[in-house]
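Taking it in order: structure first as structure tokens, then the write-up.
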Amino acid sequence: MSVMDEIVVTKPQARTSASLEKPSLIGMSREEMGAALREKGVAEKQIKMRVSQLWNWIYVRGVSDFDHMTNVAKDMREMLKQHFTIARPEIVEEQVSNDGTRKWLLRFPPRGAGRPVEIEAVYIPEEGRGTLCISSQVGCTLTCSFCHTGTQRLVRNLTAEEILSQLLLARDRLGDFPDREAPQGTIMPAEGRKVSNIVMMGMGEPLYNFDAVKQALLIATDGDGLSLSRRRVTLSTSGVVPEIFRTGEEIGVMLAISLHAVRDDLRDLLVPINKKYPLKELIEACRTYPGLSNARRITFEYVMLKDVNDSLEDAKGLIKLLKGVPAKINLIPFNPWPGTNYQCSDWEQIEKFADFINSAGYASPIRTPRGRDILAACGQLKSESERMRKTERLAFEAMMIANHGADD
């Protein structure tokens, strides 16, 4: 049996068009939810109680149908159904790799984009954790030369609802809400939550969609709802320097930097945002990241490109650049994609690079590709519909997911 023969592919029922026309309560803050209920005639003295009820049903119980809210009066449920939705996005396709990696192709309404848009989310299970990679934009404004996503133009930002919906849907499909059963024969953590960690490493630059990302992550880490630990949430940025401090101050999650080069001339080519925010400014922003300590290190992502950035001189430059910054360095074997001019570094060279960094006192794990058989590894993600149309690229760095964030 071939690798591809072992993949399970399903296409669940599409989301109804009626639900697309109503505003979703998902992604609203408590204040916004209260204002929405007030506008529909809910008595002022009931607002706080109703918001608390809805918050619990949506984020603790994980319901996607108002009729399942059994402690909410029937007339209230009818009003909610008439004016709002808590439906999940349409699942166009679900794929399950033989290593347990899952990839969902999700479809959202146009919202100014001219047509419905699609994004992909990836779940990677390990023995002690399950990590979900989430997107913040449809497409990307950055044009990183080694990244497949850079070949797709930015279509639009995702809303807080759409960012959170990726997490809610994944927990639905994995049986990760109370009184839900996990799919049979599924590889996932033996104990605890199925989705224990999330990483903002999907399509797009999250710090170019700061407000929606902030709202979604504050809800995801709310102790009375989804209750994810901030130490288990990692936001990855290519280096939008002005928003880095705000991320630590206002969101308080773990930070990852897509570094990939230690010289400005090379990083200008690989990660063009470096022309606007060069390495000196980026590293200084990292040094002042709120909450930074040896227990809350910044992860620096470094894709290994043959004869480009993989020499021992580059390794020495990396150690010098990060001196004094509590850091972990993720070395990522490059996944070639059609049309790229880059190659992955030889494995022997990657190991030499890693050994040098380790000898300097930095943790430098080499990320093992996951989900390659369903094109879910770094630089490989692209929807089936996009492959057929070949007009846009849906790709993002998912191979770096494993082991991001703290363990406690």
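Glycine too: its Cβ is placed from the backbone N, Cα and C atoms.
Record features (Swiss-Prot):
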ACT_SITE  E120  active site, proton acceptor
DOMAIN    126-375  domain 'Radical SAM core'
DISULFID  C133-C378  disulfide bond
BINDING   C140, C144, C147  [4Fe-4S] cluster binding site
BINDING   G204, E205, S236, S258, L259, H260, N335  S-adenosyl-L-methionine binding site
ACT_SITE  C378  active site, S-methylcysteine intermediate
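Shown on the structure are the features that Swiss-Prot records.
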residue: E120; record: active site, proton acceptor; DSSP (3 states): strand
residue: C133; record: disulfide bond; DSSP (3 states): strand
residue: G204; record: S-adenosyl-L-methionine binding site; DSSP (3 states): coil
residue: S236; record: S-adenosyl-L-methionine binding site; DSSP (3 states): strand
residue: S258; record: S-adenosyl-L-methionine binding site; DSSP (3 states): strand
residue: N335; record: S-adenosyl-L-methionine binding site; DSSP (3 states): coil
Spatial separation of C133 (disulfide bond) from the residue listed as 'active site, proton acceptor' - C-alpha basis, Å:
9
How far is it from L259 (S-adenosyl-L-methionine binding site) to C133 (disulfide bond), counting Cα to Cα, in Å?
19
Determine, to the nearest whole angstrom, how far the Cα atom of G204 (S-adenosyl-L-methionine binding site) is from the Cα atom of C133 (disulfide bond).
12
